[in-house]
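A.B. asks: These came from TrEMBL, pasted as-is:
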{"type": "DOMAIN", "residues": "40-387", "note": "domain 'Ammonium transporter AmtB-like'"}
{"type": "TRANSMEM", "residues": "12-38", "note": "transmembrane segment"}
{"type": "TRANSMEM", "residues": "50-69", "note": "transmembrane segment"}
{"type": "TRANSMEM", "residues": "75-97", "note": "transmembrane segment"}
{"type": "TRANSMEM", "residues": "133-152", "note": "transmembrane segment"}
{"type": "TRANSMEM", "residues": "164-181", "note": "transmembrane segment"}
{"type": "TRANSMEM", "residues": "201-221", "note": "transmembrane segment"}
{"type": "TRANSMEM", "residues": "228-249", "note": "transmembrane segment"}
{"type": "TRANSMEM", "residues": "283-307", "note": "transmembrane segment"}
{"type": "TRANSMEM", "residues": "319-337", "note": "transmembrane segment"}
{"type": "TRANSMEM", "residues": "357-383", "note": "transmembrane segment"}
Amino acid sequence: MPSRYLNFRCSVPWLILSLETLFLIHFLFCFSDVCNLYSSSVSYPDFQDVNHMVIFGFGFFLMVLRRYGFSSTGLNFLLIVLGVQCSMLVEDLLVILRVQQSEGGMASIAKSVVSMTAVAISTGAVLGKANPVQLIVMSLVELIIFYVSRCINRRFLQVPEDLTLMHVHLFGAYFGVAVTSRFPEPPPGLDKNRSTPKSDLFSMLGTVFVWVFWPSFNSVLAEFKNQAVLNTYFALAVSAVAAFMLSALTSKDGKFRMTHIHSAVVAGGVTISYTAQSIQHPWIAMILGLLGSVITILGSHCLQRCFNPAFKLQDTSGVHFTFGLPAVLGAVATVVLRVLERGISTQWNNLSSLGYLVFVDLGAFCQTISTALITGLITGLILNTKLLKTVHVSKYFDDQFYWEFPHLSVGF
């Protein structure tokens, strides 16, 4: 057995065991009040939808590589279940520090699962390049930093609790892009980072699950749930239709491209995530869904041809144009809608109050992106130290380095 396999055997199980011991001690001492644990305003069906979306949806959504299907689904599941426990530990630590108030168990778990979306998105950027140890370390670091970013937005910029969670797309995309920029580029002749019809089909299955459950994701902690659900559905529906239209228009032969559909049909859900419960007219949600699909497809052309080669980025799953750009568009839409709504209601008389609200919204988004980029770069440098057993570029995008393949054991 090669030495690197022995190294992973000595590191991954013990790292997981150490984390689970820490989580067990946390639950032993922090959840003594059973009544408070099981009382919550979040219903189980809402939590179940979000759980399906993050574990099943994103697990198959990431199956874009032809030789990395086991790791895409298996390691995503491992990161989610570890991260949810870590997230609840961080939440209880913030309660002890009196940074936030204690909540019921179901609401806390729902927030933890939603927070793990940032990790799932970032994993898509480094897909195939980071080993299990690096992914676990990245997940824990990203979760902690995301909670710090949320606390800054909530305490200093007075952003509502549910909206701080909706920064998850913005944070996850730019954190992942920053981390992947610190990994060595694969050699030009390496062809394992391609997709096949089978991997595209499984990835599209994950996209469909993400699409179906996205209204629950945007409304799980919202005050006006029905409004958030309806607006999210309208935005998703229009973005899906626009994805097929734009794919046929931008392709050389006029045919649909699976990569366009895979990334653009969910753009509406990302774009409207900040304003889903505040929009009063469905046509606004539909316009945001259309714009989200446009910026995703056109952005994929610009980023892959200009931005990524210039900055030597290899965003494996295209999370920048799938989640990052629509999230930025949603941030801009939030400011524009806030200005129009408050300006019309006050007849443009109280401009100082309006300016303060715009400053708060822009400050929250800029703080989120800046924190994600800076900490992502630092995390990427840490992940590439020898201590974390960086994988050689020739081993990128290959399941056989981490998983057992019995049908291939003959001849090894």
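Heads up, the Cβ atoms here are built off N, Cα and C, so glycines get one too.
Could you place the listed features in the three-dimensional structure?
C.D. replies: Counting residues 6+ beyond its ends, the transmembrane segment (133-152) has Cβ neighbours under 8 Å at 8, 11-12, 15-16, 19, 75, 78-79, 82-83, 86-87, 90-91, 94, 99-100, 115-116, 118-119, 122-123, 126, 164-165, 167-168, 171-172, 175, 179, 367-368, 371-372, 375, 379, 382-383, 388-390 in the same chain.
Here the transmembrane segment (228-249) has long-range neighbours at 211, 214-216, 218-219, 222, 255-257, 260-261, 264-269, 271-273, 275-277, 279, 282, 285-290, 292-294, 296-298, meaning same-chain residues at least 6 beyond its ends whose C-beta is under 8 angstroms from one of its own.
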A.B. asks: Can the transmembrane segment (50-69) be said to touch the transmembrane segment (164-181) if we require at least 3 CB pairs below 8 Å and skip pairs under 6 apart in sequence?
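C.D. replies: Answer no: the transmembrane segment (50-69) and the transmembrane segment (164-181) share fewer than 3 Cβ pairs below 8 Å.
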A.B. asks: Where else in the chain does the transmembrane segment (319-337) make close Cβ contacts, counting only residues six or more beyond its ends and a cut-off under 8 Å?
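C.D. replies: Sequence-remote neighbours of the transmembrane segment (319-337) are 121-122, 124-125, 167, 169-170, 172-174, 176-177, 263-264, 266-268, 270-275, 278-279, 284, 288, 291-292, 295-296, 299-300, 303, 358, 361-362, 365, 369.
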A.B. asks: Same chain, outside the transmembrane segment (357-383) by at least 6, Cβ under 8 Å from its Cβ: which residues?
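C.D. replies: Result: 122, 130, 134, 137-138, 141-142, 145, 148-149, 152-153, 157-159, 164, 167, 170-183, 328, 331, 334-335, 338-339, 342, 390.
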A.B. asks: Mean pLDDT, the domain 'Ammonium transporter AmtB-like' (40-387)?
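C.D. replies: Result for the domain 'Ammonium transporter AmtB-like' (40-387): average pLDDT 89.
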